[in-house]
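Novice: Dropping the structure in here first, questions after.
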Amino acid sequence: MFKKLINKKNTINNYNEELDSSNIPEHIAIIMDGNGRWAKKRKMPRIKGHYEGMQTIKKITRVASDIGVKYLTLYAFSTENWSRPESEVNYIMNLPVNFLKTFLPELIEKNVKVETIGFTDKLPKSTIEAINNAKEKTANNTGLKLIFAINYGGRAELVHSIKNMFDELHQQGLNSDIIDETYINNHLMTKDYPDPELLIRTSGEQRISNFLIWQVSYSEFIFNQKLWPDFDEDELIKCIKIYQSRQRRFGGLSEE
């Protein structure tokens, strides 16, 4: 046990030596793509890919916490994913129950706070209960915020937010002059989080698939070739190193 702890500490130290500690992205968002293809390549059922993808979430959460990332948002289930086969959807809906049952003690120990964005009231009762239990048990934690985007879609979020803004303006007798970027930000599901500096998508696909479409306007995009179950700690560190090699310009010019 002691040797295992020493090895873990050495690994964390190695990661920290590879990275510029002053330029760790505060918020990383990940589109976890490739579970089904991972399983298909191995002639396994798609649900096996989702199971292995759950193990990857554990690995990435640990290392993100260890290197000082403050927010990690994972695209777990989109509003469009309901169109998948019923058996697959049912399995995915049960994943948070199993994941949080096995991983929650470690999340508590590592001071990780579990949060969600999305229309979670539409999820099965058992899924909602597991999520709410994790939120309650980690509510006072002050470390990494692990944010699951579940039953989430960027366009649906914007429609929902616009309706709320319209109702608020109407009820308070205000006009549209009050609306600016800050006002919109304050009505999004992500209002308590900074925009992601880094968006990673695994599997080699190069699109954002309706994920955080307002929030990633100035994010750095990295499209990693690994399928999500094969994406590991070293791959995350590689992505962060690529991020650190870039200069974020926010529409301006780079320094010469």
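Using N, Cα and C of the backbone, Cβ positions are placed for all residues, glycine too.
For Asp33, the entry in Swiss-Prot reads active site. Annotated active site, proton acceptor per Swiss-Prot: Asn81, in sequence order. Look at Swiss-Prot and you will find Asp33, Glu220 tagged as Mg(2+) binding site, backed by sequence analysis. The substrate binding site annotation in Swiss-Prot covers 34-38, Arg46, His50, 78-80, Trp82, Arg84, Arg201, 207-209.
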Novice: If you count the C-beta atoms lying within 10 Å of each candidate's C-beta, which of the binding-site residues Trp38, Trp82 ends up with the smallest number?
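Specialist: Among the binding-site residues Trp38, Trp82, the lowest count of other Cβ atoms within 10 Å belongs to Trp82.
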Novice: Anything within 10 Å of Arg201 (substrate binding site)? Look among the recorded positions Asp33, Asn81, Glu220, comparing CA atoms, and list what you find.
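Specialist: If one measures from the Cα of Arg201 (substrate binding site), the recorded positions that come within 10 Å are Asp33.
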Novice: Measure the Cβ-based neighbour count of Asp33 (active site), defined as the other Cβ atoms within 10 Å of its Cβ.
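Specialist: Result for Asp33 (active site): 24 other Cβ atoms within 10 Å.
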Novice: Sort Thr79 (substrate binding site) into helix, strand or coil using the DSSP assignment.
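Specialist: Its secondary structure by DSSP: coil.
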Novice: Do you know offhand how many angstrom separate Gly34 (substrate binding site) and the residue listed as 'active site, proton acceptor' by C-alpha?
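Specialist: With distance taken Cα to Cα, the residue listed as 'active site, proton acceptor' is 14 Å from Gly34 (substrate binding site).
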